[in-house]
Amino acid sequence: MAAKDVVFGDAARAKMVEGVNILANAVKVTLGPKGRNVVLERSFGGPTVTKDGVSVAKEIELKDKLQNMGAQMVKEVASKTSDNAGDGTTTATVLAQSIVREGMKFVAAGMNPMDLKRGIDKAVAAAVEELKKVSKPTTTSKEIAQVGAISANSDTSIGERIAEAMDKVGKEGVITVEDGKSLADELEVVEGMQFDRGYLSPYFINNPEKQVVQLDNPFVLLFDKKISNIRDLLPVLEQVAKAGRPLLIVAEDVEGEALATLVVNNIRGILKTAAVKAPGFGDRRKAMLEDIAILTGGTVIAEEIGLTLEKAGLNDLGQAKRIEIGKENTIIIDGAGDAAAIEGRVKQIRAQIEEATSDYDREKLQERVAKLAGGVAVIKVGAATEVEMKEKKARVEDALHATRAAVEEGIVPGGGVALLRARAAISALTGENADQNAGIKIVLRAMEEPLRQIVLNAGEEASVVVAKVIEGKGNYGYNAASGEYGDLVEMGVLDPTKVTRTALQNAASVASLMLTTDCAVAESPKEESAPAMPGGMGGMGGMEGMM
């Protein structure tokens, strides 16, 4: 085991604060509408240009072990805020730096770090309650566009694209971001339920131009096993043929004699059918079949519940207005399912999302909700170069997270004003002793910091602007993009409540840990010995005789 350096007290804290400052100073230049870019070196290819705080934080690794510890703790603030709220990483970093900086002064003056922490926690709890009080729900598409634009560094076109996508697929719908093929941003919307399984045979295609199978007003048969024997299918096929409507079969697989018979009937025009494999695997496949059943008003034919394929009737089949099947995807549009049953299923899946432990499970469950509740929208990001594409795509993803957060918990005035107004709830607080009061003061000072940094990045005098905003009331603040004072909500400068709240809570949590640190243990730097002198070159002995 390698030897360790153990550093105590002020010496340990001072080094860690240096690391905090290095990382925070690199991140905070990106804050606000006039924030600057940071250029990140890549091991191959061109550098990446970004205004995303968490992207900058993730790149920073310091040589000094103790400094690096401080930097990594603040990096944790940024990444945790990004994970929870999807945005607000720079604000969280600025708040953490301020709490650490102010707190260290009090610790150096001999105050009790644990009491300081208690004071900080008390102040943050009061501020969070105040933020929840002033928060108002997002009701209009315009507000969603404004939140998206602010998060995308005042790019209104990105905000409008996201608002348009949310209008199309609903607030529960899935919105994904992909690389576009042109210079302009594009929005593609898939209505209804889409799953990633295509036709089992190209002979089902009835629209050669688009190379897809189109079924109008079809029945949908859902079966959770393989179908290879046509005898099992015959009774239900005869009933569908009498009804004179097309049929989609969704099963684990359709093969052999069964598939061949379906294809022959299709070619001869006796019965219009198509077959696709069921989406997902294992338990997820069963759940998705059940989703399709609820969406189409049908029943999954499963032996577990005593249903067999040969006994299936028309009342077991689902129905839809239209189904389109491509080589890789199937889209069910306007299923005949009962609205109350669909709503119940969505609630059930949401409860599973709350309990899900892995991000992958949560994402898959969220997709299922979207497929039942709305649809899928794809924002294709257009740009002239790959570097610009990456930077813009990161901003679109940030804006998307911010709008989701705004829908979830509502909005507050942006530009650092919400935190500044929440100070009113803190200034009335008193701790149990002088040290706790000092902790409350630390948070009071820190909550001015985001506005100060926004103003500094805009090239204005921070103290003057902060003093003027404090004099105002409610939504009155400074719009750094235009250099004007006024009602920020009317100007469209909005922040999601969840982002502001999460940034403050995470910053205080990590900063408090740092203030209460009294010892740091790091691996000692290895002393590399100088390389040995190379040996003499052989065969040079006879050189003297040549002189």
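Every residue gets a Cβ built from N, Cα and C, even glycine.
Owing to the predicted nature of the structure, the values given are computational and were not obtained by experimental measurement.
Database features (Swiss-Prot):
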- 30-33, Lys51, 87-91, Gly415, 479-481, Asp495: ATP binding site (BINDING)
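Everything Swiss-Prot records as a feature, shown here on the structure.
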residue	record	DSSP (3 states)
Thr30	ATP binding site	coil
Lys51	ATP binding site	coil
Gly88	ATP binding site	coil
Gly415	ATP binding site	coil
Ala480	ATP binding site	coil
Asp495	ATP binding site	strand
Task: In the chain carrying Gly415 (ATP binding site), residues 6 or more apart in sequence that have Cβ under 8 angstroms from it - done: Gly32, Leu451, Ile454, Gly477, Tyr478, Asn479, Ala480, Leu488, Val493, Asp495
Open item on the list: For Gly32, Lys51, Thr90, listed as binding-site residues, tell me which one has the smallest number of other Cβ atoms within 10 Å.
Closed with: Lys51
TODO: Would you mind checking how many other C-beta atoms are within 10 angstroms of the C-beta on Ala480 (ATP binding site)?
DONE: 26
Open item on the list: I'd like the Cβ neighbour count for Thr30 (ATP binding site), meaning other Cβ atoms within 10 Å of its Cβ, all protein chains included.
Closed with: 23
Task: Which same-chain residues, if any, lie at least 6 apart from Gly88 (ATP binding site) yet have Cβ under 8 Å of it - done: Thr81, Ser82, Asp495, Pro496, Val499, Thr500, Thr502, Ala503
